[in-house]
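Chemist: Input: one structure, supplied below.
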Amino acid sequence: MAEFNNVRSVTEMPEGNHAKRSFHHRMFLEPQEKKRSMKALVVKQAKKTCSCTPAKVKDYVFGFFPVLQWLPKYKLREYLLGDIMSGVIVGVLLVPQSIAYSLLAGQEPIYGLYTSFFASIIYFIFGTSRHISVGIFGVICLMIGQVVDREIQRAGYDLEPAVLSVLTDAAAYVNTTILPVNQTLQKLLCDKSCYAITVGATMTFIAGVYQVAMGFFQVGFVSVYLSDSLLSGFVTGASFTILTSQAKYLLGLDIPRSSGIGSLIATWINIFRNIHKTNICDLITSFLCLLVLIPTKELNEHFKSRLKAPIPVELVVIVAATLASHFGKLRETYGSSVAGHIPTGFLPPRPPDWNLIPNVALDAIPIAIIGFAITVSLSEMFAKKHGYAVKANQEMYAIGFCNIIPSFFHCFTTSAALAKTLVKESTGCRTQMSGMVTSLVILLVLLVIAPLFYSLQKCVLAVITIVNLRGALRKFKDLPKMWHLSRVDTVIWLVTMAASALISTEIGLLVGVCFSMLCVIFRTQRPEAPLLGWVAESETYESLSAYKNLQTKPGIVVFRFEAPLYYINKECFKSTLYKQTGVNPVWVKAAKKKAAKRMLREKEVDSSGNQTSISMDFVSEPLGFHTIVIDCCAVQFLDTAGIRTLKEVCKDYREIDVQVLLAQCNPSVRSSLIRGEFFKEGEDHLLFHSVHQAVDFALDAEGHSGTSSSK
C-alpha cells in the first residue's frame, strides 16, 4: 500500500547575516514494488490454465453448463407456477410471430417455428440469465432476408419461368450423363425455399462461430462501441426497412424484393409503379387486422399492471383470418397469397453448405455483433433489476450455440428480444424453465397444429410484423428529451437511423459506429478549457465561467484542460492556453527581439532619442502574472506529442519569466512525464497533488523573490 509522508521542502534565502527559510509542505507517494516480469506472468498464467484438478474440471463444467448449477436448486413450489404461466403465454405469442418473421427472413413458416423451438432449449442449457427470451428478432431477420434474396438471385431462382424450365430440364438431362454438372444447375435441383433455408442456415452457422470465437478470445469489448443511442437508432432505421419490405404484402403485390444500397427508396418506387395491381381482398384484410391489433396492443400496454397476462390478440387474429380465408375461399376467388402447406414434425438434420461460406462470411459479422450485443445488454439489464449476476462471456457462448446447433436443423439466426422478454418477466417468470415450457407449446404446434395454417393470408403475417414495430418507431417521441439530455447522443441516433434506413442496415451500423467514434474524437479535440477561481474558505478551485463569487490569486493563472492531451488536440491545448491567459509567449519573445533590434538601430542613429525609451518601456512591460498552474485532473493520459507540447509550453513561458506548475496529475500522467524526461534534475518538486498546493507554492516563491529583489 502506498505511504503518504509529509516532507518539508526547504529553500534558503540570504538576508544579510541571517538565512530566512521558506517551508513548502509536499506530499510524496512511495511507488509499489515492480511486478514480476512478463515472462514470469505468462508462465504463471500458462500453469494455471493448463493445470487439471477434479475441482477445476467441475468448476469448468458447471460454468459452461449453468443449468447444472441452478436446476438441482430449483424450488418447485415457489417457481413452477410462474414459469409455466410465462412459458405458455410467451409460446402463444411466439407462434404467430415465428410464422410472420419467417416471411421477413425470406423463409417458409415452418422454419421460423423450428428456430424458436431449438433456441429456447439451447439457451435453457447454456444461458445465465433467468429472464430473457431468446428467439426470432425482427432486425436480424431483415438482415438475413436481404442476404437470402441476394444469393437466390445469384443462383438463378428469380429467372423468368420459361428460362427456369429450360434450365431445370437441362439439369435433369445432364444428370443422366457422365458429364460434370454445372454448379448453377445443381442448385436448381433444390427448389427456391430449400435453397433459401440453406443460405439462412449457413449464415447462422458462421454467425454462431463468430460469437463463440468472441467468447473464447474474450473480445466482448466490441459491444462497447455499440452505445445505447447507436443501437436504438439502428433498430429504428431498420424498422423502416422492415415496414417497407412488408408493405407489398399489405397490398397483395407480387414485386421482387429490393436489396443493397437504397433498397428502401427502390422498394417504394416499385410499390407505386405497381399500385394499380393492388389485391383488394388483401388490402381489406390488412385494414381489418390493423383495426383489431393496434387498439388491443395499446390496451395491453395501458393495462399491463392490471392484466395478469396480455391478451393473445395475434393468435386470435391468425385463427380468425385462417378460418375466414379457408371458408371464404379467398385464394381461389380473389387470388390472395397464402402461407401454403406447413408440414408437421421435423426435417432430417443437414449440415450447412460449406461452398456458400465465402459468399456469406462478411454478411454474418454485423449479424453476430448485433445478436450478442443485444443479448448481453438485455441479460445485464434484467440481472441488475432482479439482483443476480450474469456472465457476459458465457452469454456469448450461449447465443453462439443457439445459432451453431440449430443451423443443422433448418433454422436461422436468433438473439434475445426485448418485447418477449418483457412479457416473460411480467407474467411471473423465475427461471429458464419457462423457456422449456415455451418450447413444448411450439412443439405442439409443430406436431399437430401447423398444417391448419395453410389458408392463412400473408398480408396477415405482414400486419403482425408491422404492428410489432411500434416500440421502435415510438423512439421519435423521445427525441426532445434525448436532445435535452445529450445533443451528441441525439445526433448519433439520427445519423445511424437515417443511414440504416436510407442506405442499408449493414452500412448504417458501420456509419453509426464510425460517427460515434468521431464524436468522441471531436469532443476531445476541442474540449472545455476554463480558467479557475478559488472558492473562499476552502481549498477548491472551480471554473470562473460557470460560477460566481470566485476569487483569483494575484499573479497566478489557474487553467484546466478537460481532455487527454495527445496528438489530435495538442494545438488546441496551446491555442486555448494562450487565449485564456492573454499571452502568447512566442509572440512576446518575437516582439522583444524585434524591439531590441529596433533599439539597437535607434542607438546607432541617435543615442538620446525618445523612441529608445518607448522601446525599452515595451520590452519591460509587465505581463500581469508570474505563474500558470495547469490543473491536470481531467487529463487521462499523455502521448509523446502531449509530453512534447507540455515541454514546449513550459520552455516558452520560462523564457518570458513565467513558471508553469502541474497539479493533480494521475499516476498514468506522472509516469508518462517521468519517462518523457519532462523534469530537469531537481525539478520534480514542481509537480503538485492539488491546485491549492501549487498556488501556495507560487505565492510563497514570489513573496521571497520580491523580498530578495527589494534588498
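Glycine is treated like the rest: Cβ placed from N, Cα and C.
Automatic, uncurated: that is what TrEMBL annotation is.
Taken from TrEMBL, the feature transmembrane segment covers 79-101, 121-144, 194-213, 219-243, 275-295, 356-376, 397-419, 439-469, 490-518. Marked as domain 'STAS' by TrEMBL: 546-698.
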Chemist: Which sequence positions outside the transmembrane segment (356-376), separated from its termini by at least 6 residues, show Cβ-Cβ distances below 8 Å to it?
Modeler: 132, 134, 137, 139-140, 143-144, 147, 151, 154, 198-199, 202-203, 206-208, 210-211, 214, 220, 222-223, 226, 231, 234, 392, 395-396, 398-400, 403, 413-416, 418, 505-506, 509-510
Chemist: When you check the transmembrane segment (79-101) against the transmembrane segment (439-469), do you get at least 3 Cβ pairs under 8 Å, counting only pairs 6 or more apart in sequence?
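Modeler: Counting Cβ pairs under 8 Å (6 or more apart in sequence), the transmembrane segment (79-101) reaches the transmembrane segment (439-469), since there are 3 or more.
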Chemist: Give me the stretch from 121-144, 275-295, 397-419 with the greatest number of Cβ pairs under 8 Å to the transmembrane segment (194-213).
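Modeler: Checked against 121-144, 275-295, 397-419; highest Cβ contact count belongs to 397-419.
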Chemist: Are there 3 or more C-beta pairs under 8 Å linking the transmembrane segment (219-243) with the transmembrane segment (490-518), counting only pairs at least 6 apart in sequence?
Modeler: yes
Chemist: I'd like to know the mean pLDDT over the domain 'STAS' (546-698).
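Modeler: That stretch averages a pLDDT of 81.
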Chemist: Under a Cβ pair cut-off of under 8 Å, which of the recorded stretches 121-144, 275-295, 397-419, 439-469 contacts the transmembrane segment (219-243) most often?
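Modeler: The stretch with the most contacts is 121-144.
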Chemist: Take a look at 275-295, 397-419, 439-469 and tell me which one has the most Cβ pairs under 8 Å to the transmembrane segment (121-144).
Modeler: 397-419
Chemist: At a C-beta cut-off of under 8 Å, are there same-chain residues at least 6 beyond the transmembrane segment (397-419) that contact it? List them, or none.
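Modeler: Long-range Cβ neighbours of the transmembrane segment (397-419): 64, 105, 107, 111, 114-116, 118-119, 122-123, 126-129, 132-137, 140-141, 144, 197, 200-205, 207-215, 346-347, 349-352, 367, 370-372, 374-375, 378-379, 468, 471.
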